[in-house]
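Over in Swiss-Prot, the protein carries these features:
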type: COMPBIAS; residues: 1-18; note: compositional bias 'Acidic residues'
type: COMPBIAS; residues: 25-43; note: compositional bias 'Acidic residues'
type: COMPBIAS; residues: 70-79; note: compositional bias 'Acidic residues'
type: COMPBIAS; residues: 97-111; note: compositional bias 'Basic and acidic residues'
type: COMPBIAS; residues: 147-157; note: compositional bias 'Basic and acidic residues'
type: COMPBIAS; residues: 190-199; note: compositional bias 'Basic and acidic residues'
type: CROSSLNK; residues: Lys148; note: SUMO2 cross-link
type: DOMAIN; residues: 216-297; note: domain 'BCNT-C'
type: MOD_RES; residues: Ser81; note: phosphoserine
type: MOD_RES; residues: Ser84; note: phosphoserine
type: MOD_RES; residues: Ser85; note: phosphoserine
type: MOD_RES; residues: Ser115; note: phosphoserine
type: MOD_RES; residues: Ser214; note: phosphoserine
type: MOD_RES; residues: Lys217; note: N6-methyllysine
type: MOD_RES; residues: Ser248; note: phosphoserine
type: REGION; residues: 1-157; note: region 'Disordered'
type: REGION; residues: 176-215; note: region 'Hydrophilic'
type: REGION; residues: 190-222; note: region 'Disordered'
Amino acid sequence: MEEFDSEDFSTSEEDEDYVPSGGEYSEDDINELVKEDEVDGEEETQKTKGTKRKAESVLARKRKQGGLSLEEDEEDANEESGGSSSEEEDAATEQQKGVESEDARKKKEDELWASFLNDVGPKSKVPPSTHVKTGEETEETSSSHLVKAERLEKPKETEKVKITKVFDFAGEEVRVIKEVDATSKEAKSFFKQNEKEKPQSNVPPAVPSLPAGSGLKRSSGMSSLLGKIGAKKQKMSTLEKSKLDWESFKEEEGIGEELAIHNRGKEGYIERKAFLDRVDHRQFEIERDLRLSKMKP
């Protein structure tokens, strides 16, 4: 047994160390090696084909994605165009509906007006001439009202009359020309005086003239003339003469408005005095009213 075991061990070692040469291969071994090479080549070709297929599939997927994106863009554009076209159609339909509603409303108004005219009858039909006349009448009335309003607004401008008065100042004759209203008392008295002083020569004599020998008539005529000549003129005081000179100077120089504006200011003595007088008078009236109210039971 021990020998057998040693032999077996030796044979096993020999088997491990033994390497067959190429000439010692059998046909079956060669066929198996060829098949293994072919299998390895097929696996490599399959691997390369798999990688190619993977690349092609990736490209195809990318193309498909690009196509999908393009298709999506086209669909969005189509949707937008469809939406705009639908909006235009809606606007057109709304416009058409509005026109139809306006037409229907006008038609309804015409029908109502026709029915109203039928109910009223021929009395409502008035000839156009009457309308024109009424329009003219209204225009005339409106114009007359406007004229009346203007007359009321505009105060009546009174006519001015120049009168001349003769005064005696220190033996000199002074003529004063004043411009007053025609309806004033001063103007009326001046006109009456002029009518009285008119010579009676313009008036035709009602009684035949007496002979020249009558001394009474001649004496009366001479006395009237002497009376007119020797009539006393109205005397003028120094204050009146200075006032007259000042007024004439203002008119010649044209400083009346400037003086009036100056007197209305703070430096105007006359205006200030008048204002203070008005204040005193108003204060007196208030005190009087208070006293009277206290005196009443």
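Just so you know, glycine gets a Cβ as well, placed from its N, Cα and C.
Each residue of the compositional bias 'Basic and acidic residues' (97-111) gets a DSSP state, and the totals for helix, strand and coil are 15 helix, 0 strand, 0 coil. According to DSSP, Ser248 (phosphoserine) is assigned to a helical segment. Within 10 Å of the C-beta atom of Ser248 (phosphoserine) sit 12 other C-beta atoms, taking all shown protein chains into account. Mean pLDDT for the domain 'BCNT-C' (216-297) in the predicted structure: 79. If you measure from the Cα atom of Ser248 (phosphoserine) to that of Ser115 (phosphoserine), you get 84 Å.
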